[in-house]
Structures are given as structure tokens and as C-alpha cells.
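Contents: one structure, followed by commentary.
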Amino acid sequence: MPRLFKIYAKNYFLTYPNCSLSKEEALSQLKKLETPTNKKYIKVCKELHENGEPHLHVLIQFEGKYQCKNQRFFDLVSPNRSAHFHPNIQAAKSSTDVKTYVEKDGNFIDFGVSQIDGRSARGGQQSANDAYAEALNSGSKSEALNILKEKAPKDYILQFHNLSSNLDRIFSPPLEVYVSPFLSSSFNQVPDELEEWVAENVVYSAARPWRPISIVIEGDSRTGKTMWARSLGPHNYLCGHLDLSPKVYSNDAWYNVIDDVDPHYLKHFKEFMGAQRDWQSNTKYGKPIQIKGGIPTIFLCNPGPTSSYREYLDEEKNISLKNWALKNATFVTLYEPLFASINQGPTQDSQEETNKA
């Protein structure tokens, strides 16, 4: 009695000998196969053997173990002629090894997200690597920590601080892109000196001066400072408290906006105002953060001893800092709003009131 065909595995390695299909056509057909377990990743490689025959090698990674009882299930069909291509089907003991083999000639195409495998057929099972691979594939920091707590308890206890910090970086969500409710053209009473500063300094990196000039804008609340500053392009917005973590601060921004921060307590005063490059910020509970820098900063403030940068720099103890600041920043005082109220919607006041700019 013939032996029944059955493979139960999470990773499948398929080889199609003498297969004339393109890798794109093969991938398209494999993606359409209906399985009870989701396909997380497919890699298709085309290889020419020494005799000139084309072969296809395929790695398929499923979300969970998939049981295949039909040895014709993975057959491919030629779209141009009545030809079927039947593969050799194996369970991949190490998807890492198979993936390396499939990629060796560089002629491949893939779909989905490759799942990390801690095992290697050459090195045997590595339980610690398996645990970390499973954690990386989990999709979130909390799930990853739970996996490591269960499967790598020693590391969980002794290295929790490092694990937590590293997983924050690995699973950090993409920064939300701020969309201004107003176009910069909505601000129709912007002084010429502000317009000129923007034209020279708020530009993409290739057009930006090596050491751009920052600007300090002082004025009463509800003059449109914040909304105008945030309408100019991709920026980092720091209000009240400076958070330079990757969750908030982007090294790809065109400029910074520092809003309503008392200059007496502004950390990295010179780094921001001087558009300095490649500097570090020490965090209280984490590793130092590397800031690429080289971008200008817009400082927004109200008049008064705890807000005004002019008043702060006029203090006798800050005379040398003032001399430096005058070479690195433009100082502008607003006496009128940057907009004509007839052109602004009702959100202007509410936003300005929130930021107290």
C-alpha cells in the first residue's frame, strides 16, 4: 500500500525542476492558493542549471503550521500552454538556511514580511535564538516581552532595562505627519523679514545652508505665531518640554519649532539655535540619543521675564551668550497678527489658546 503524502510545517521549501514560468507568474499563482493558515512570506528564485534548464526555488512561510495532504496542491500552470509544473515539496527545518540558499544567485522576488528563524540546520536548535526570533515576529513590544518572560526568563530578569529600551526602538510606530489646517498662504500679513528668513532657511537638505540661521519670534498670544510656524514644512514641534526620543523627534525634519519654553531652562540652547550637527542628548532613563542636527529652529515666545529670549539674553550674566546668539539667530517682534481675521477659520483661536503662543 503506497505511503500517504502528508507534510505538517510552518515553512515549506519547494523546487520546480525544468520550470519555464517567470518568477512573477509563479509568485502570482502561489499567492492565490487558498489555505486555512495565512501566508506571511513567499520568496521565489529562478536558477539556471549547468545544462541550461530553468529551475524555480520557493520558500513559503505560514503564520502557523499548515498541513498539506495533496502533493499536487502547489502545482503551477503555464498561462500560455497546457503544461503543469509539479514541485518537490519539503518541510524547511530552517527557513533561514533555505532563504540564504534561495537568495544565492540574486535572481528572486518576494512577497510579505520574512519571519525570523532562530534555528539553523547547520548549527542545530538554538533555544535562546528561537525565543528572540519569536519575540521579533510577535508584532508588538508587550507581546515580545511576554514571550521572553516565558522562554528566556534569565534575560528577562537580568536584562529587562535593555530589552525594554531596545524593543521601544524596534517597535516604535512611525511618526505622525502633522497636517496644518491652513496653507502658509493663509497668513497674509507676514513681515518681509520672516518671508526672507523662510526662503533662505526652511528648505530640503540639499538646498539648505551648511549652518542655517535660526529665528526668535516674540509676540502676544493669538497673533498666529504657532500656526504659521507649523505650516511651513516637515518639522519637529517641541512645546513646554523637550522630548528628543524617536517617538517625537525626527532627524529628517526641515526645521524645529520650540514653543513656549522658558529660555532659562532650555536644554541644548546652543545646539538648537546654532543649528549644530551630530550632537547627543542624554536621557534620564535611556541611552544617549544622537541628533543629526544642521537644521534651523524657530523659537516662539511671549513677552515677559520667564518667556522672552530678548529679556533673558539682556541679563548681565548672559552677555557672552547674547553676543553669540546675535550671530546665529534673527530676532523679530510681532506687533500685529500674521493674518487678517477674515481669512482664518475658527480653529485658529482654539489652537493658539492651547499652545499659548
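Glycine residues also receive a Cβ, built from the backbone N, Cα and C atoms like all the rest.
Keep in mind the model is a prediction, meaning the values are calculated, not measured.
Counting residues of the domain 'CRESS-DNA virus Rep endonuclease' (6-114) by DSSP class, helix then strand then coil, yields 18 helix, 48 strand, 43 coil. Under the heading domain 'CRESS-DNA virus Rep endonuclease', Swiss-Prot lists 6-114.
Under the heading motif 'RCR-1', Swiss-Prot lists 13-16.
The number of other Cβ atoms within 10 Å of the Cβ belonging to HIS55 (divalent metal cation binding site), over all protein chains shown, comes to 15. Here Swiss-Prot flags GLU47, HIS55, HIS57, ASP105 as divalent metal cation binding site.
Same-chain neighbours of the motif 'RCR-3' (101-104): 43, 45, 57-59, counting only residues six or more beyond its ends whose CB sits under 8 Å from a CB of the stretch. The motif 'RCR-3' annotation in Swiss-Prot covers 101-104 and rests on sequence analysis.
In this view, THR226 (ATP binding site) is surrounded by 25 other Cβ atoms within 10 Å of its Cβ, with every protein chain counted. Feature annotation from Swiss-Prot assigns ATP binding site to GLY219, ASP220, SER221, ARG222, THR223, GLY224, LYS225, THR226.
The local packing around GLY219 (ATP binding site), expressed as other Cβ atoms within 10 Å of its Cβ over all shown chains, amounts to 20. Counting other C-beta atoms within 10 Å of each candidate's C-beta, the binding-site residues GLU47, ASP105, ASP220 are led by GLU47.
Across the structure, GLY219 (ATP binding site) and HIS55 (divalent metal cation binding site) place their CA atoms 71 angstrom apart. Using a 10 Å radius centred on the Cβ of THR223 (ATP binding site) and all shown protein chains, the other Cβ atoms total 22.
In the predicted model, the domain 'CRESS-DNA virus Rep endonuclease' (6-114) has a mean pLDDT of 91.
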